[in-house]
Amino acid sequence: MPRLILASTSVYRRALLGRLQLDFDTVRPEVDEQARPGESPSALASRLAVEKAATVAARFPDAWVIGSDQVADLDGQALGKPGTHERARMQLTAMSGQTVRFHTAVSLVGPERQLHALDLTEVQLRALTVVEIERYLDAEPALDCAGSFKCEGLGISLFDAIRSEDPTALVGLPMIALARLLRQAGFQIP
């Protein structure tokens, strides 16, 4: 079995990949995550997933490398990871009662081959009060998450609905697509 590397140090992605019961290592990719002028949220997610995988694959040319990225999209505007309580509050306020699209891309780069997939998840947030937003952020600061919430935790209480073909995509790694790509690359799953 060839070496498998996850180009991420995200605990969320590491936990998801662990579900496939494959041996893998993690390596932090060194990639500039800034959007390019005019780049759509889906194009940004796709480009970053490829760049993360390709950057690590250049260091480990005999390995298969998984790169993934997620970009939240509110009315065509990409929402980054908030980083601060204030920005998280502003994001949740803007998303209150709205449908937010999450573009989650995965790229598998290996010896002489690249495979890619893109998942779209739509999240309908319920109308949130200022008090609910503050209470949520105090209980579960999601400053490192696109959209300022953790759907695998208390953040699910902020939603009215989720529309997706892959429930794991919203956590940050579309496992249905990734399992398909890994099988195409010759990995035996299960």
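The backbone N, Cα and C atoms fix where each Cβ goes, glycine too.
Keep in mind the model is a prediction, meaning the values are calculated, not measured.
Per Swiss-Prot, site 'Important for substrate specificity' is recorded for Tyr12 (among others). Tyr12 (site 'Important for substrate specificity') falls within a helical segment according to DSSP. For Tyr12 (site 'Important for substrate specificity'), the count of additional Cβ atoms within 10 Å of its Cβ stands at 17 [all protein chains shown].
Among the features that Swiss-Prot reports, active site, proton acceptor is placed at Asp69. Taking a C-beta cut-off of under 8 Å and a sequence gap of six or more, Asp69 (active site, proton acceptor) has these contacts in its own chain: Glu33, Leu44, Ala45, Ser46, Leu48, Ala49, Lys52, Thr104, Ala105.
What Swiss-Prot lists as site 'Important for substrate specificity' is Gln70 (among others). All protein chains considered, the CB of Gln70 (site 'Important for substrate specificity') has 29 other CB atoms within 10 Å.
Annotation comment: Swiss-Prot describes Glu152 (among others) as site 'Important for substrate specificity', evidence class sequence analysis. For the recorded site, Glu152 (site 'Important for substrate specificity'), the DSSP three-state label reads coil. Non-local neighbourhood of Glu152 (site 'Important for substrate specificity'): Tyr12, Val171, each in the same chain, at least six residues away, with C-beta under 8 Å from its C-beta.
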